[in-house]
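According to TrEMBL, the 3-dehydroquinate binding site annotation covers Glu28, Phe29, Arg30, Arg55, Arg189, Thr210, Gln214. What TrEMBL lists as active site, proton donor/acceptor is His122. The active site, schiff-base intermediate with substrate feature in TrEMBL is assigned to Lys148.
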Amino acid sequence: MFEEFVLTASTADLSEEPQAREHADAVEFRMDLASDPLAQLDTYDGELPLLVTNRASWEGGEADDLGRYDALTTALTHDAVAAVDIELAALRGNAPEGEESHATALRNTARETDVAVVVSVHDFESTPEPAALVDLLADAAAEGDVGKLATTAAASEDALAMIEATHEATAAGHRVATMCMGEPGRHTRAVTPLYGSKIGYAPVDPANATAPGQYPLATLRGLVDGLRGDDVGE
Ligand SMILES: O=C1C[C@@](O)(C(=O)O)C[C@@H](O)[C@@H]1O
């Protein structure tokens, strides 16, 4: 997974999967935003593979204790689960007590069960300079199969910084996924795949966006494919 660009439909409700099929390659299941996520997984019989995310509250999500790792470990036993998101800060010991050992154990379990690991970094305040973004991407990519970075863009320069960092990190051999949150960075979601970004996130229903500035799923699919020139040929 993630050798090619993967467009995930980001949702807290797996019953949306049939609607996502037409446009998405996978579903990002936001377990932290879901009601009874393990029961939803038990009854999931969709076609799209799942990337499971149980975002910690200290990283902008709604899961506020280490129990999120138990839920993720159980999630990995489901055949449909092809990838798991783990925060870089947890793996690097820059997170609350207990996070590092749990995150490392989860990554080991993922590796044993052939589940891809997306190592993520979020900045809800700003977008650092390109060189700092490249460092973050290199760190995240070194810890898993894909290093993912989402920062907040306040102006066009921030979007440009993310595009440049995506290009540089990819050229340096790192497998990355990048995007800016916020309206001034929205277009990065369509453009960074051209510079190597391997994962896109978009809600099936725009009312349920999981981050600021996301395009609706069908729109992002059309933009990514259109910019790639899929309908133009050589
Ligand atoms: O980390 C990410 C990226 C994201 O924050 C975005 O900006 O699209 C959306 C989240 O659901 C996902 O876990």
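Positions of Cβ are set from backbone N, Cα and C atoms, glycine also.
Because TrEMBL annotations are produced automatically, they should be read as predictions rather than curated entries.
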* Structure fact -> One should report the C-alpha separation between Lys148 (active site, schiff-base intermediate with substrate) and Arg55 (3-dehydroquinate binding site), rounded to whole angstrom, as 13
* Asked: Cβ-Cβ under 8 Å from Arg55 (3-dehydroquinate binding site), same chain, 6 or more residues apart: which ones?
  -> Arg30, Asp32, Leu33, Gly61, Glu62, Ala63, Asp85, Glu87
* In sequence order, those binding-site residues of Phe29, Arg189, Gln214 whose CB lies under 6 Å from ligand 1 -> Gln214
* Structure fact -> Same-chain residues at least 6 apart in sequence with Cβ under 8 Å of the Cβ of Phe29 (3-dehydroquinate binding site), in sequence order, are Thr11, Ala12, Leu14, Pro37, Gln40, Leu41, Leu50, Leu51, Val52, Thr53, Ala75
* Provide the three-state secondary structure of Gln214 (3-dehydroquinate binding site) computed with DSSP. => coil
* Structure fact -> Least surrounded, by Cβ count within 10 Å, of the recorded positions Arg30, His122, Lys148, Arg189 is His122
* Could you give the Cα-Cα distance between Gln214 (3-dehydroquinate binding site) and His122 (active site, proton donor/acceptor), in whole Å? -> 15
* Determine, to the nearest whole angstrom, how far the Cα atom of Glu28 (3-dehydroquinate binding site) is from the Cα atom of the residue listed as 'active site, proton donor/acceptor'. => 16
* **In the chain carrying Thr210 (3-dehydroquinate binding site), residues 6 or more apart in sequence that have Cβ under 8 angstroms from it** => Ser10, Thr11, Ala12, Glu28, Arg30, Leu33, Tyr201, Pro203
* Largest separation between Cα atoms (Å) of residues that the record links to 3-dehydroquinate, namely Glu28, Phe29, Arg30, Arg55, Arg189, Thr210, Gln214 -> 20
* Asked: Which number gives the other C-beta atoms within 10 angstroms of the C-beta of Gln214 (3-dehydroquinate binding site), all protein chains shown included?
  -> 21
